[in-house]
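As given in Swiss-Prot:
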ACT_SITE  Arg147  active site
ACT_SITE  Lys171  active site
ACT_SITE  His243  active site
ACT_SITE  Arg246  active site
ACT_SITE  His269  active site
ACT_SITE  Tyr278  active site, O-(3'-phospho-DNA)-tyrosine intermediate
COMPBIAS  302-314  compositional bias 'Basic and acidic residues'
DOMAIN    1-85  domain 'Core-binding (CB)'
DOMAIN    106-291  domain 'Tyr recombinase'
REGION    284-314  region 'Disordered'
Amino acid sequence: MNEQVEAFLRHLADERNLSANTIAAYRTDLEQFCEFLHGRRLFAWHDVTHDDVLAFLIDLRERRYASSTVARRVAAVKSFFTFLTGRGIVQRDPTERIDSPKVDRDLPRALTPRQVDELLELPLRSPTPERIRDKAMLELLYATGVRVSELVALNVNDVDLERNEVRCIGKNGRVRVLPINGSAATALEEYFDISRNQLARGSGSSTEALFLNHRGKRLTRQGFWLILKQYAEELGLSDLTPHVLRHSFAVHMLNAGFDLRAVQELLGHTSISTTQIYTHLNHESSHTPHAHPAPRASEVNGVRDEQALVPEEK
C-alpha cells in the first residue's frame with residue numbers, strides 16, 4: 001500500500017506542483033488512513049470499500065477531531081482514490097458516495113494594535129544578535145502579512161531597502177512584490193548592519209538565506225514558532241501563532257480603510273471569499289478594544305490605499 005501512496009505523493013509534486021508543506025499534510029492524512037485500514041485487516045487498495053471509508057470518517061468524528069481536520073483527511077483520501085482509479089490500480093472508487101464534511105469556519109483571532117506594538121517592541125528590551133533578528137522578522141511579518149513559510153524562505157536579494165519592497169514567493173510559486181513600512185525597513189537595516197554577519201559566522205559556508213539561526217543556517221518554520229512562543233509567554237498571549245499576526249495585518253488594514261481587493265492581493269489569496277472573512281472582525285473582537293488603530297497599525301504597509309494593489313509577476 002505504501003508504494004501507491006509514494007507514487008501519489010510524487011504525482012502531487014511533479015504534476016500538480018504542490019508545495020512541500022501541502023505534500024507533507026497529504027502524507028500524514030494517508031498514513032493515518034493506512035493505519036486505520038490495517039486495524040481492519042485490509043492490506044490492498046482494491047479491497048477497500050465504501051463502508052471502510054465511511055468507518056474512517058466516523059472514527060475521526062468519534063475521536064473529536066476538528067471539522068476542518070476531518071474535511072482535510074477525507075479530501076486527501078478522495079484525491080488519492082481518484083489517482084488510483086485513473087491509473088487503473090483500483091476499478092471502483094469507494095469514495096464516490098462519500099460527501100465532504102462541512103467545515104465550521106471559526107473567525108480568525110487578531111491582536112489589537114496595542115498588543116501588536118507591545119510584541120514588536122519586546123525583542124529590543126534586551127538586544128542581542130538573535131533578538132535584533134527577531135525584531136526584523138516580527139516587523140516584516142506584520143508589515144506584509146506573509147505566511148511564516150514565506151518569511152523563512154526569503155533570501156537576502158529578495159529585500160530592496162531602496163524601494164522598501166520585499167519579493168515573496170507564495171503558494172504554487174506565485175510571486176508578490178510587497179511594500180514595507182518604515183518600521184520594518186529600519187528593523188531590517190539594523191539586522192543587516194549588526195546581526196546577520198555575526199549569526200553567519202556560526203556556519204562554515206555562506207548562505208543566501210535572509211534570516212539565520214545561531215548556527216548560521218536558514219531559520220526554519222519550527223524555529224520561528226519556538227521564538228514566537230517565547231515572546232508570547234513573556235506577554236501572556238497563550239494563543240499567539242504566526243498566523244495570528246497574519247490575521248492581525250489583514251484586520252488592521254481593512255479597519256484602516258483599505259480596499260478588500262488590495263488586501264487580497266497583499267495576502268496572496270486566490271479567492272476573495274478567503275479574504276472576506278476578515279470583514280467580520282474588528283478591534284472589538286479582542287480583549288482591548290480601540291476606537292482607532294495605533295500609529296504603527298494605521299501605517300501597516302506604509303502606503304495609501306490606491307498604492308496597495310500588488311501585481312502578480314507572470
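Each Cβ is built from the backbone N, Cα and C atoms, and glycine gets one as well.
The structure, with features from Swiss-Prot marked on it.
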{"residue": "Arg147", "record": "active site", "Cβ contacts under 8 Å, 6 or more apart": "Gly170, Pro242, His243, Arg246, Gly268"}
{"residue": "Lys171", "record": "active site", "Cβ contacts under 8 Å, 6 or more apart": "Ser19, Gly268, Thr270"}
{"residue": "His269", "record": "active site", "Cβ contacts under 8 Å, 6 or more apart": "Thr275"}
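Regional average pLDDT for the domain 'Tyr recombinase' (106-291) in the model is 85. Note: the domain 'Core-binding (CB)' (1-85) comprises 68 helix, 0 strand, 17 coil (DSSP; helix = H, G, I, strand = E, B). Listed active-site residues: His243, Arg246. The one with the lowest count of other Cβ atoms within 10 Å of its Cβ is His243.
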